[in-house]
Amino acid sequence: MEHVFPPRQTPSNPPLGLHPWKIVEGEDYFADREARGSLFALANGWLGVRGHLEEEECHGTFAREVYEIYPLRYPEGGYGYPVQGQAMVPLPEGTGLVLYLDDERVDLRRGEILAHVRELDFRSGTLVRTTHWRSQSGREIVFRTKRIVPFSPSNVLVVRLEVLAVKNVKRVRARSLLCGTVHPEADERDFRLGANLLGPLYQLIEEFLHDVGEVPEDVQTLPSVFELLEEERRAAGQRSEGGLVWRTRRSGHQVAAHVVHTALPEAKRRLSGESGGIEWSFAWENIEENQGILRTAAGNSPPIHLTKFVAYAVGSGDAEPKALREAARYAAWNALAMHSERLEEEQRAHLATFWQDATVHVEGDPYVQQGIHFSLFHLYQAAGPSPAWGIGAKGLTGPGYEGHVFWDMDVYVLPFFIFTHPHIARRLLEYRYRLLPYAQARARELGYPGILYPWRTIDGPECSAFFPAGTAQIHINAAIVYAFKKYRDVTGDETFFRAYGLEIAALAARFYAHRASAMPRRGGAYGFFTVTGPDEYTALVDNNAYTNAMAAFTLEFAAREVRRLAEEDREAFRLFAERTGVTLSEAETWLAIAENIYLPWDEREQIFAQDDSFLDKPRLLARDIPFERRPLLLHMHYLDIYRFQVAKQPDVLLWLYLFPRKFSPEEIRRHLAYYEPITVHDSSLSPSVFATLWARAGDVERAHAYLRYAARIDLENLHGDARHGVHLAAMGGVYQALLEGFGGIVADEEGLDVSPRLPRAWKNLAFRFRYRGRRFEVRATHERTDVHLLAGEPLSASVHGTRVELVPGKPQSIRRNW
């Protein structure tokens with residue numbers, strides 16, 4: 001077998017270290033500055049801040065629900081082409097803090113970095129940096145910043161500045177920025193970023209300033225805060241807070257941002273005049289640039305502490321700007337009243353609860369161990385504790401793919417939350433249900449009943465102008481149905497499934513029943529013509545195996561569930577039928593079609609062909625394509641790519657991946673043997689699928705090579721595009737590879753199987769997960785597997801093929817028999 005993976009080796013000395021719970025940056029920040037902005041990003045599901053340095057102005061803050069719209073223009077259009085796009089846009093930037101030593105700006109791109117360490121801690125949720133810098137004229141400063149984006153309150157961010165030491169400096173001055181002149185990022189070399197928005201994104205509605213001591217009503221502020229603020233006001237008599245309200249130019253989203261500063265508690269000593277003095281002012285400097293500036297000045301005897309609280313409030317076009325302004329101001333003051341230390345404590349406690357069920361321990365492999373914690377931390381940051389929106393491909397870490405949600409969320413991201421935090425998975429599925437009217441409208445527009453979910457969207461409409469890889473991917477309906485089924489199978493939450501998932505499954509089945517075509521030359525079997533599967537390097541084909549298989553799954557599953565509802569709850573079925581128009585007769589038609597859907601099988605290779613013509617094309621082997629020529633879509637015309645047997649990512653293999661009970665290890669090996677050599681892994685989704693399948697096929701060493709690559713894609717920027725944001729779906733795939741590949745977990749309506757498989761480098765693997773209202777812990781070595789039922793009712797499960805009874809407090813230990 002031709003084995004050419006990975007295309008790039010991970011370095012032996014990773015630039016961000018190998019700490020299991022942190023990424024640690026040294027003095028090489030500017031070597032990969034834009035990628036570091038993504039990796040060191042902080043988010044809470046609603047608000048996200050890219051991880052650039054504080055002294056860099058306007059570097060990227062996002063709120064999930066703030067997006068701009070733009071017209072999709074076609075020189076040669078056609079019926080059914082989407083007419084409007086959506087793009088997540090940066091909020092007015094509030095993290096900026098620029099230091100001056102006398103009149104010399106602290107700028108790490110100039111002068112000399114004597115020391116620089118920055119750490120993102122996955123357990124505390126804080127980003128801390130300490131820098132020692134010398135200017136070209138010999139002035140020196142040692143300062144520290146700490147940044148936090150709390151999970152609660154979710155519309156606030158906090159930046160804390162500490163000047164620890166200075167040398168050859170008479171005065172330290174700080175400029176605190178609130179930058180509203182936000183321009184969208186574009187990259188002409190890579191159209192995946194999106195460049196549909198040009199010029200300034202916002203128009204200024206109003207600016208406002210407040211006296212230091214005007215605390216909003218209802219803010220529960222500690223007495224010491226009042227005392228200090230009053231001293232500051234008396235000492236300076238000027239302002240230390242302010243804000244602006246903006247409106248996006250087309251979508252009409254209104255954004256209010258408010259900034260409050262405090263020098264609590266160290267400034268109290270300075271204000272009393274014990275050593276030097278501190279001057280406060282806050283004013284707008286250059287309104288056209290929308291930069292609010294806080295100036296502070298102090299003598300040359302640090303420490304000097306300054307904490308900045310930034311709060312946002314968002315409303316629709318008809319919202320009252322004054323109300324938004326006051327809401328943002330209240331949130332900023334409320335955060336100040338809590339103190340940054342308390343916010344940090346609550347953040348650490350919140351993450352401790354998250355990690356209790358989420359953590360995965362891999363002893364003997366620091367590359368994978370750091371990678372899995374990094375991945376799960378970013379997944380949780382993208383969702384937050386109670387998401388109201390879908391998770392975009394890059395989350396809130398960058399502008400890549402314009403913030404769009406793809407079907408990657410349903411297949412790759414959701415399983416992590418299903419197994420660890422099902423309440424979050426439920427919220428993400430509710431988001432899909434909320435978009436149901438758009439999916440119905442899209443199907444009607446194209447002449448079909450039922451639903452057709454978009455390939456990429458933020459709030460419902462299809463936003464892809466490239467229909468060969470967009471609208472042609474009709475398998476997306478099935479991916480969403482699969483996600484609802486997996487949620488129901490793992491959680492046992494029948495009530496939620498019948499309230500939300502069954503309707504989507506039935507309407508998706510109705511679409512497939514009408515989209516399918518009977519093929520007289522194949523005995524009347526049903527097929528799907530002119531479709532695109534998961535592999536976007538093969539488009540507009542007939543009978544894509546994955547699409548046909550997933551359509552058959554949806555038709556059969558929907559028919560069975562409709563029939564079961566009718567048998568178990570007649571009244572619920574009557575209401576369901578009234579809402580959807582579904583009848584038992586229609587469900588029987590779905591079942592008949594499902595049982596007769598054609599799947600392209602090749603007798604010579606003993607594999608499923610990717611589509612009717614795929615195996616007739618010339619093979620383009622991954623080993624013959626240098627890494628510098630990847631991704632192919634940036635170096636070859638699509639029409640050229642389409643004429644080869646070459647895969648961007650798993651296609652037929654994804655079908656095998658999603659249905660572990662359906663395919664034997666030998667069947668998986670045969671398919672891997674054929675498709676692996678022509679898969680170029682230009683999609684970050686690809687390596688984790690191969691890791692999972694090779695683990696199931698019994699080759700854990702090859703699986704380990706894929707897993708390590710997948711776990712390091714962003715940490716080492718292996719695809720070269722981390723500047724656009726992290727690869728969240730790949731991160732979800734890493735978790736699935738560990739749980740359902742190496743961990744050997746199969747959890748569905750048939751029961752629970754546990755069969756871990758460890759590569760030679762690992763000493764043990766340990767993880768926790770939930771199944772049917774129970775919490776489990778699995779600890780596996782090369783010799784044995786221990787399964788603990790931590791909470792819940794007793795359960796019978798299979799461990800390495802041995803049936804065991806799991807009871808709380810009585811772990812079962814099974815020795816491997818090979």
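Backbone N, Cα and C define each Cβ position, glycine as well.
Just so you know, TrEMBL annotations never went through curation; they're auto-generated.
These features come from TrEMBL:
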- 32-313: domain 'Glycoside hydrolase family 65 N-terminal' (DOMAIN)
- 374-735: domain 'Glycoside hydrolase family 65 central catalytic' (DOMAIN)
- TRP407, ASP408, LYS648, GLN649: substrate binding site (BINDING)
- GLU536: active site, proton donor (ACT_SITE)
- 748-806: domain 'Glycoside hydrolase family 65 C-terminal' (DOMAIN)
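Recorded features from TrEMBL, shown on the structure.
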| residue | record | Cβ neighbours (10 Å) |
| --- | --- | --- |
| TRP407 | substrate binding site | 23 |
| ASP408 | substrate binding site | 25 |
| GLU536 | active site, proton donor | 24 |
| LYS648 | substrate binding site | 23 |
| GLN649 | substrate binding site | 22 |
Separation of alpha carbons, LYS648 (substrate binding site) and GLU536 (active site, proton donor) (Å): 6
Summary of DSSP states over the domain 'Glycoside hydrolase family 65 C-terminal' (748-806), given as helix, strand and coil counts: 0 helix, 38 strand, 21 coil
Extent of the substrate binding site in Å [max Cα distance among TRP407, ASP408, LYS648, GLN649]: 16
The residue listed as 'active site, proton donor' in three-state DSSP notation: coil
Confidence summary (mean pLDDT) of the domain 'Glycoside hydrolase family 65 N-terminal' (32-313): 76
